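To keep things clear, I will list the structure first and then write my remarks on it.
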Amino acid sequence: MTKKGNLHIFPSLVCVIAPVTFLITLALATKLGHVAMLPYISDTGNLMPESCIFSQFLNLTALCMLMCVYIRYLQVKSMATFKTPIGPRWDANDISWYMGFLACLGMDIVANFQVHNIYQVHYVGALLCFVGGSVYFAFQTMFSYHMSKVDDSKYLFYIRCILCALAFIFCTSAITSGVISDFGYTGTDSSKWKKDDGGYKWHLVSTSSEWMLAIIQSALVVSFFPEFRRISMYSPKFEIRGVNDVQSENSAPKEDA
């Protein structure tokens, strides 16, 4: 089996591709007049041509993030000396894996279902991505506390504690102020929200909170970097019924008659 290192490239890719994508789509959408000042992240990838860039690279980000979730799951499973059972068949690491998977799925949904096309599906994806992502990182913070007892990584626990607290604050702020602003909105195009459309201040609170949440969750992904640098994986070994069996028989030493 081949040994694979450099796993820290996955959190690095997530934290480079996502911000660069958002900045490019924001610049394009603003230049083309598709959005007003400080829009939601999703609004920057709502119309062509920026929607093509948004979808392509956010899909790639979701794939890299899923790899981070999987590597972290295996790390906790192999390294942790603690058990946190949740029912007869579940433990916290299993729950965190599914939450991480749902967050990545939500990111993929956000990338492919633009808000002005199928907004119901888009909002479900956004909730999975941001709320599910915040819950996922809360689990990772808990794991960091226990794992710091067996390696020198207590600083990561404190960093993740602060970032997770901020993530939940901004997640709550983005959702709450977004709902309030929608009730007061009287305009016709929410991607070009104007001051006289109603609920404008609450809208700015919501959009700025969403951008801050995206930055904080990116920082939480970056926190995997020092741990993933010390991890190596081995490529899987495949066995094909009817092929490997024949090869094994042919390679076996034959007895003299």
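In case you wondered, yes, glycine gets a Cβ from its N, Cα and C as well.
Bear in mind that TrEMBL entries carry predicted annotations, made automatically and left uncurated.
These numbers come from a predicted model, not from an experiment.
Noted in TrEMBL for the protein shown:
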- 7-230: domain 'CWH43-like N-terminal' (DOMAIN)
- 53-74: transmembrane segment (TRANSMEM)
- 95-115: transmembrane segment (TRANSMEM)
- 121-143: transmembrane segment (TRANSMEM)
- 155-180: transmembrane segment (TRANSMEM)
- 200-225: transmembrane segment (TRANSMEM)
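Of the Cβ pairs linking the transmembrane segment (53-74) with the transmembrane segment (200-225) and spaced 6 or more residues apart, 3 or more are under 8 Å, so the two regions touch. For the transmembrane segment (95-115), same-chain residues at least 6 beyond its ends with a Cβ under 8 Å from one of its own Cβ atoms are 40, 42-43, 45-46, 51, 54-55, 58-59, 61-63, 65-66, 69-70, 72-73, 76, 86, 121-130, 132-133, 135-136, 139-140, 143. Tertiary proximity for the transmembrane segment (121-143) is limited to same-chain residues at least six positions away from its ends with a CB under 8 Å from its CB atoms, namely 42, 69, 72, 76, 80, 84, 92-93, 95-96, 99-100, 102-103, 105-110, 113-115, 157, 160-161, 163-164, 167-168, 171, 174-175, 210, 213, 217, 220.
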